Structures are given as C-alpha cells and as structure tokens.
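According to TrEMBL, the protein carries these features:
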type	residues	note
DOMAIN	A:187-304	domain 'ABC3 transporter permease C-terminal'
TRANSMEM	A:16-37	transmembrane segment
TRANSMEM	A:181-205	transmembrane segment
TRANSMEM	A:226-251	transmembrane segment
TRANSMEM	A:271-297	transmembrane segment
TRANSMEM	A:318-338	transmembrane segment
TRANSMEM	A:344-374	transmembrane segment
TRANSMEM	A:395-417	transmembrane segment
TRANSMEM	A:597-620	transmembrane segment
TRANSMEM	A:647-672	transmembrane segment
TRANSMEM	A:684-706	transmembrane segment
Amino acid sequence: MRIALAVLRRDRRSQVATVLVALGVMIAVSLVLWLVAAPNGLQARSERTVWREVFGESKDGAISVASNWDSYHGTLIQRFDVARARPGDVPVADGIARFPEAGEVLLSPALADLVRSTPPERLGNRFPGRQIAELGPEALKYPGELVAIVGRQEVPDGYPAPDLRGGTGPYQSDYQSMLTLLTRVGLVVLVVPCLVLVASAARLTAAKRERRLAALRLAGASPRQVVVMTAVETAIGAVLGSALGVLLAQPFSHVTATIPWEGGTWFPGDFVPSAAVVAAVALLAPVLVVGAAVLGLRRVVNQPLAAEKKRTVRPWRLLTIAGGLAVFFLGVTLAGQLRGDNRFTLVLLGLGAVALALVLAGPVVTSWVGGFFVGRWRGPSTLLAGRRLTGNPVAAFRGSAGVVVAVFTGSMALTMLPGLESQVPYRDATWREDALVAEQVKHDLTSLRLATSAPIVTMLEGRVGDDGHSAYAIVGDCEDMAKVLTGLTCRPGPAVYSSAPLPSTRFESADRETALPAQYETRPFDGRGRVGVVIDRELLPAVAGEVSMVGVPTTAENRDIVHTALIGTLPGARLVDGEQLDLYSDTLLADLERATVIGLSIAAVLGGIGAAVAAAGSVIDRRRTFAALIAAGTPIRVLARALRREVMVPVFAVTVAACGAGVAVGLGLLTVARGVVGHGEMPITPWVVAPVGVGVVVALVAALACGPVLRGISPRDYAAE
Amino acid sequence: MNSVLAARGLVKTYGDVHALAGVDIDIAAGDVLAVVGPSGSGKTTLLHVLSGILRADGGDVFLDGRAIGELTETGRSALRRTEFGFVFQSGMLVAELTAEENAALPMLLGGGSREESLGAARLWLGRLGLEGLEKRRPGELSGGQAQRVAIARALAHRPRVVFADEPTGALDTRTGQEMMTVLLQAARETGAAVVIVTHDKAIADRALRVVEIQDGRIAAGVSA
Ligand SMILES: Nc1ncnc2c1ncn2[C@@H]1O[C@H](COP(=O)(O)OP(=O)(O)O)[C@@H](O)[C@H]1O
Ligand SMILES: [Mg+2]
C-alpha cells in the first residue's frame with residue numbers, strides 16, 4: 001500500500017494512467033446517471049400532468065371534461081373544456097388555481113403571452129372568458145407548454161370525471177416507452193466506449209506494472225501484497241473519477257433539460273436521479289474497475305515472468321455473431337407475443353447479445369485481415385501491422401470496440417429512422433389541405449356564420465350498407481363538399497358518388513335510419529381518405545336538415561380566424577386540421593433524430609478517445625521494442641505508418657461487419673415496431689453505411705495519437721525500466 | 001592503422017555529470033573492441049555517441065573521415081540503418097515477427113525487397129545454427145537462440161560496425177561465451193568491426209583490444 005502510493009507520487013506514467021482511469025470512470029458515471037435519470041424526467045412530467053388523465057374513470061362525475069389538440073402557427077395547444085355537473089367543491093391539482101366556472105379560463109404562461117400579443121379573432125377567442133389565473137409549472141409538462149382550461153356552461157361530448165386532480169396514476173404512453181428504450185440502448189452504446197477507455201487506461205501501466213510486480217514476486221512479495229498494490233493504484237483513480245462523475249452529473253442534468261422532447265424542454269429538476277441510484281452507481285463503478293484490474297493481474301500473480309506467447313483466437317468466436325443474431329431474432333419473435341415493458345427488455349437483451357457478439361468476433365476478423373497482410377506484404381509497415389494483428393488480435397482490436405459498437409448502433413438507427421418515418425401517423429388525405437373541418441357538431445351554426453364570412457359547408461356523416469358490410473358516407477351538397485373533400489368531381493343533378501358499387505341502399509346516421517330511392521345515378525368518386533361514398537342531399541330528404549360536420553375552405557389569410565371561430569362557436573367539437581397531425585409526427589421524428597444524433601455523437605467522441613488512449617497505450621506497451629528499432633535506424637515515419645495501419649485495419653474490417661449487423665437488427669426492430677404501429681415500407685437508404693465512414697475517420701484521428709507518443713520515445717529507452 | 005570509425009575528444013554531459021570527458025578512439029575494419037568499466041562510468045553513453053544515437057556535446061565521431069555530428073537526425077538514422085548493426089541486451093526482437101522477419105527487418109527498412117531480405121536473413125540464421133527455427137517467434141526461442149537471431153539481424157545487411165551493449169547480460173556464462181563465439185566468427189566473415197560494452201571480464205578477454213573507462217575517461221587502453 002505504501003509502496004503503491006510512493007510509486008504513484010514518483011512515476012509519471014502511473015500518474016497519466018491514474019488520471020485517465022479517473023477520466024474514464026468520471027465520464028462513465030455521469031453518463032450512466034444521466035441515462036438513468038432520463039426516465040425520471042418522464043416520470044416527473046407525467047406526475048405533473050396526471051390531472052389530464054381523467055377519462056373513463058367514473059360513470060357520474062362532478063364535472064365533465066373534453067380534451068382536444070389544437071395548433072397555432074406550428075405549435076400544438078392542448079385545451080380542456082370543463083363544465084360542472086353539480087354544485088360543490090371541485091378538487092384541483094397543484095398549479096391549477098381553482099376550478100374555472102363557466103366564462104372563466106386558465107392559460108399557461110406561454111399561451112397567455114401568445115394570446116396577449118395576437119389579435120383576439122386569430123387566437124384569443126378560442127378561449128372565451130375571463131382569465132382568472134395562469135397555470136403553475138406544477139401543472140405543466142414542460143416550460144413554455146401551451147395549455148388552456150376553459151370553463152363552460154356544459155360540455156356536450158365531455159367525459160365525466162370526479163375532479164381536476166387525476167389520480168389514476170401516470171400511464172405509459174408510446175412516447176415514454178420510446179424514450180426508455182432509447183436510454184437503455186444509449187446505456188449500452190455509451191458505456192461500452194467508457195469501459196474501453198477505462199480498460200485502456202488501466203492497461204497503460206499494465207505492461208510496466210506486470211514486469212515490476214513480477215520482480216516483486218521474485219523478490220518474495222506475497223500474491224496478496226501484489227494484488228493490494230494494484231488495487232490501490234487503480235482505486236485511487238476510480239474513486240476520484242466516480243466522485244467527479246457525480247459532481248459532473250449536476251451541471252449535466254441542466255444541459256439535458258434544454259434538449260427538447262415531445263415538443264418542449266424540461267424543468268431543471270426533472271433529471272435529478274434519486275439519491276439511492278446515485279450512491280449505487282458511484283459505489284459500483286470503482287468496484288467494477290478495481291475488480292477488472294485485479295482479475296487482469298491474475299496471470300502475473302500466478303506465474304511470475306511468464307514468457308510472452310503468441311495469443312491466438314479461435315474462429316468459434318465468429319459463431320457468436322450468428323448466435324447473437326439468433327438470440328436477437330428469437331427475442332423479437334417472442335416480443336411480438338408479449339405486451340408492455342417485457343417486450344422491450346427482451347429486444348434489449350437481443351441487442352446486447354448482438355453487440356457482445358460483435359466485440360467477441362472482432363478479434364477473429366482482425367486476425368484474418370492481419371493474415372491477409374502477412375501473406376502479401378511488400379514493405380515493412382505492412383508486415384509489422386499484419387503480424388501485430390495476427391499475433392495479438394485481442395489487443396489490436398480492444399481499442400476499437402467502442403467505435404464498432406457505435407457504428408453498429410448508427411447503422412441500426414439509420415435503418416430504422418426512415419422506416420419509422422413511414423410509420424408515424426400518416427396524413428389523412430380525406431380533406432383538402434386548405435380545409436378546416438369540425439366533427440361531432442351538434443350546435444346551432446348561427447354564431448359561426450356571424451363570426452366569419454367564409455363559405456360554410458354543412459355535412460351529415462353516416463354509413464351506407466348492411467350491418468355486415470357498410471361504407472363510410474357523407475351527405476351534403478356536392479358543389480359545396482367539393483370545396484373541402486379531395487377527389488370529388490361534381491356534375492349537375494342529384495347523384496351518389498362512390499368508388500365502389502353500394503352494398504345496399506340503407507343509410508344510417510347517428511340517430512336516424514333512412515334509405516336511398518330505388519332509382520339513382522352513381523358517379524365515380526376518387527377519394528383517398530376515410531370517406532367512401534358521397535350522397536347528394538336531395539336523394540335523402542328524411543335527413544336533409546341534419547348536420548354533424550362543418551367544413552370551411554380557408555385561405556392563408558383567414559385560416560387562423562376561421563380556426564378561432566370554429567373553436568369559439570362550436571365548443572366541444574373535434575377540429576380536423578392536417579397541420580396538427582403533421583406537427584405531431586414531425587415532433588416524434590425530430591425527437592428521435594435528435595436523440596440519435598446526440599447519442600451517436602457522444603459515442604463517436606468517446607469511442608475516439610478510447611481508441612486514441614488504447615493506441616497510445618499499445619505504443620507505450622512496446623516502448624522498448626520501438627526504442628530498439630529506432631536506435632537501429634528505423635525511421636519514425638515507417639513505424640508511425642505501421643501503427644496507423646494497425647489501428648485502422650481492424651476498425652475498417654469490423655465496422656463493415658458491424659454496419660451489416662446494424663442493418664439486420666434495424667430491420668428486425670422495424671418488424672417489431674410494425675407489429676405495434678402498423679404497416680409501412682422498408683426503405684434502406686445508402687446512408688446506412690455512413691457510420692462506417694465516420695467510424696473510420698474517428699479511428700484515423702485516434703491513430704494519429706500514436707505519432708506524438710512515438711516521437712516521445714528516445715532511442716535510448718530500449719534499456720529503460 | 002586505417003580506421004573505419006574514429007572519435008576525437010568526445011564530451012557528453014548530463015547537467016553537471018560528465019558522462020564522457022574527452023575520449024579518443026580508433027576502430028579499424030575487423031577490429032574487436034571491448035569497452036569495460038564500472039557501472040555508471042560512461043560505457044553506454046560512449047556506445048550511443050559512437051553509433052550516432054546521441055550527438056556529442058564536444059568533439060566528434062568520424063566514419064571514413066566524415067563527421068557524423070554534422071548529419072541531421074534523419075541522416076544519422078539512415079547511417080545506423082545501413083552502416084551499423086546493433087545487438088541489445090535481451091535481444092529486443094519484435095515479439096510478433098518470426099525469427100527470419102526479425103533478421104530481415106533492417107534490410108526491409110533500408111528498402112530491400114521481400115525476397116532478397118528474407119533470403120539473406122535465412123542464410124544468416126542457417127549460418128548461426130538456427131535452421132528450422134526461422135518461423136518461430138521470439139517467445140518460442142531460448143535466450144541464447146533469441147540472441148543469435150539478434151546477431152543475424154545485426155549482420156544480415158553487412159554493416160561496417162556492430163555495436164553490442166551488454167549482449168550477454170541476460171544469458172548464463174556458457175551461453176554467453178557461445179554467443180560471443182558466434183558473434184565474433186560472423187563478424188570476421190563480413191569484415192565488420194565489433195564494439196562490445198560489457199562488465200564481464202571473461203567476455204572482454206575474447207576481444208582483440210580492451211579499453212577501460214572510468215568517470216568518462218579512458219583509464220587504460222590495452223592492445224592485444
Ligand atoms: N539520460 C541521462 N540523464 C542524466 N544522466 C544520465 C543519463 N544517461 C546516463 N546518465 C549518467 O551518465 C553517467 C554514465 O552513464 P552510462 O553511460 O549509462 O554508464 P554505464 O553504461 O557505464 O553504466 C552516469 O552517471 C549516469 O547516471
Ligand atoms: Mg550501461
């Protein structure tokens with residue numbers, strides 16, 4: 001113990017290694033804490049918004065609530081129309097001042113600002129009434145969220161609820177599972193390069209330490225003393241790093257809070273992990289690192305001065321790739337039959353298996369490529385690199401493991417993203433893009449007609465056909481409906497417009513049943529949306545005056561005004577606005593892309609640092625040999641070229657394999673996602689190979705780290721130690 | 001005497017340590033010179049300066065009358081690669097290369113072709129009694145065998161001078177003596193001069209000449 005400390009105080013290489021161990025552990029700990037805390041952020045969000053999950057609870061509630069999505073200039077607004085069902089106190093959640101009576105509204109601060117700075121007929125009138133308070137942060141998902149609670153006399157389509165407090169407990173949305181999945185994947189992708197970094201750093205001293213400890217052993221130190229010395233040296237770095245990592249996680253969580261997810265950023269407190277988790281991670285990290293270092297020393301302790309032997313790897317390791325993929329696809333298949341979190345765990349296990357298999361198989365590929373070089377070298381650098389790769393493939397590959405895992409994940413992500421893109425809620429092509437349509441309209445339309453001069457198209461929805469076989473149909477005036485519906489071309493005279501022959505003449509709307517006349521004309525209808533049949537009103541006189549939908553063709557000029565008028569005058573009606581759907585799917589994709597880019601950038605940088613340290617370490621390990629070569633007149637240029645080749649070649653070979661595995665796994669995951677979300681194309685873009693390029697560039701930069709280390713070697717160092 | 005390598009007034013200091021304090025030496029083709037002296041007397045420093053690994057602070061070394069102190073680092077590196085051969089204490093072979101590749105390395109680094117270099121290396125390994133071991137790695141050779149590979153490596157490109165710093169330091173007495181026999185005989189065949197640093201009296205006795213160094217000066221020059 002005292003010897004270890006004394007050595008540390010004097011030896012620069014031990015110090016460098018300790019600092020690097022500390023750095024690696026620090027980054028690893030803060031990353032793990034960060035990724036562990038991300039689901040916490042979601043938890044915090046859903047706890048704050050639990051008051052919004054009030055549906056389907058009670059049969060007769062104290063209040064009635066309708067929740068709707070709305071949007072203004074590209075930002076989603078969530079609105080709640082509420083009405084009291086009976087007198088009495090209505091409990092509310094934190095952040096909500098009190099239950100708004102009819103004619104009172106509560107707006108989130110950001111929405112209140114927006115309303116103040118916008119003409120009322122464009123936005124403010126959507127929330128009619130007196131603003132009694134702003135919603136506090138305790139009731140908001142994220143800072144700047146646009147939320148409104150509008151008090152009404154009655155909410156016709158509302159759900160009954162006991163209060164505005166919630167209490168069903170937070171539910172798991174797809175979004176939440178998605179982020180949890182991403183953080184788990186991130187955990188693997190980011191922690192592997194950290195481990196490489198720590199392992200390479202610990203190895204920096206290993207060659208020297210092994211020799212020194214072997215000497216100590218020969219001098220009669222007991223194996224225990226030897227192990228204790230190593231443990232102390234490593235532990236100092238690891239504990240230091242762990243402590244710094246915990247400290248670093250604090251500012252880190254604030255940075256994370258500025259990364260948008262699901263439309264908004266986070267409150268600073270959202271990402272603070274629980275104390276128990278922090279303690280566990282902070283303790284576990286050094287224990288693992290020290291454990292690994294002690295295990296690594298077993299060889300020295302057991303057989304002092306063991307001769308350096310050729311270390312071979314057996315090709316069975318390659319089978320692990322097949323095995324990993326098998327585990328993965330088995331997991332995917334099983335996952336298809338499971339529900340909930342277990343499904344993701346299974347998929348993650350498969351992912352881990354594939355990543356592990358890649359790392360195990362990497363040395364085999366490395367050694368093959370080395371063998372190829374050895375077979376056909378012309379110059380000494382190719383020979384040196386090739387022999388190194390075949391002679392010690394594990395060591396040659398070790399440094400690039402992080403890069404390889406990052407490339408694997410990158411290709412996987414790039415395979416999946418376009419696939420997901422084709423999966424996210426598709427744009428409903430029923431209505432024209434410039435049309436705004438209100439569904440579930442049971443209101444008097446007088447006030448709407450007063451509020452806007454735009455043409456108003458009234459429609460009645462229903463079904464044509466028998467119980468077993470029917471088509472979605474709308475009834476109205478063809479010339480009018482053509483202004484809002486896609487694919488409708490009218491001709492004079494009453495007719496049925498249909499894309500297929502009608503199953504029967506029976507027409508059924510929400511509260512009435514009638515039938516088409518025996519004789520009517522059928523004309524083609526080319527709608528690409530939900531509507532299959534359009535019927536001229538004259539053909540169904542029994543329902544001629546009824547309306548359940550209102551459509552308005554708009555211009556860029558009056559779109560906001562019409563939107564506001566529809567919402568303001570038809571409380572509780574559902575507004576169909578293509579913009580919202582697009583917004584939602586754009587947000588989802590942007591979130592995924594951002595998460596991927598952030599994760600992969602960190603992984604690439606970490607992988608690069610790990611590879612650089614490993615490369616530098618491999619030079620230091622062989623310092624005496626290189627010194628002897630330099631003394632005997634080898635140009636540093638030649639050695640540097642050989643070393644670069646040594647680092648680059650396995651990275652290139654294995655990243656290509658990793659890219660292939662990533663694409664395969666990505667397609668597999670898409671299949672699972674398809675089981676969840678629906679159908680879509682499987683587009684593979686040439687971009688999936690981009691991570692290979694990035695990986696090679698990162699490795700090249702890392703390989704350049706050899707240069708300074710090599711130049712730092714003096715030809716007289718061959719006699720050192 | 002027609003000297004290949006000559007040193008005049010060599011001075012080398014580390015801070016206030018005078019590792020070399022004015023050394024003159026002449027080495028002729030075929031010469032075998034042993035440098036002896038107590039530990040820390042400056043033997044290794046002398047060898048490094050003579051072979052161009054270190055640059056002298058004062059005086060200079062002349063190869064065929066050319067001052068090597070005036071060469072650049074690259075120039076001296078090329079000189080070491082082509083004109084000199086080196087045998088280190090524990091072989092210092094490249095662990096991943098086979099015996100023949102290790103022996104061929106200086107020629108390959110000097111721009112020799114694969115066939116030519118490996119051919120010469122095999123020839124030398126055979127001459128040094130290592131046939132059949134060409135494909136072994138250093139880890140699979142005994143200390144004496146590894147040192148013979150090192151000798152083959154030092155001589156395969158036919159250098160003018162072979163430098164050896166404590167070449168028998170890691171060997172037992174008998175293997176050390178055998179190695180000396182091999183080294184001296186091989187040098188005689190190529191006409192190379194040999195400079196051996198050693199603190200072993202029995203090894204020094206094998207040389208044609210012995211110089212003793214003390215505190216960076218030649219204390220006694222003994223000609224055989
Ligand atoms: N790199 C160096 N820095 C400082 N002093 C050195 C260095 N190399 C050698 N010396 C000193 O120079 C003297 C001669 O060293 P050296 O030539 O190695 O002696 P020998 O080989 O005879 O044991 C010693 O006192 C040694 O401490
Ligand atoms: Mg010495």
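From the backbone N, Cα and C atoms, a Cβ is placed for every residue, glycine too.
Note that TrEMBL annotation is computational and uncurated.
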Over the domain 'ABC3 transporter permease C-terminal' (A:187-304), what does the predicted model average in pLDDT?
73
Test of understanding: applying the rule of at least three C-beta pairs under 8 Å (pairs 6 or more apart in sequence), is the transmembrane segment (A:318-338) touching the transmembrane segment (A:271-297)?
no
Using a Cβ-Cβ cut-off of under 8 Å, list the residues of the same chain that are 6+ residues beyond the ends of the transmembrane segment (A:647-672) and lie near it.
321, 324-325, 328-329, 332, 335-336, 343, 347, 350-351, 354, 358, 361-362, 365-366, 368-370, 373, 385, 389, 393, 396-397, 399-400, 403-405, 407-416, 419-420, 611, 615, 682, 684, 688-689, 691-692, 695-696, 699-700, 702-703, 706
Top partner of the transmembrane segment (A:344-374) among A:16-37, A:318-338, A:395-417, A:684-706 - counted as Cβ pairs under 8 Å:
A:318-338
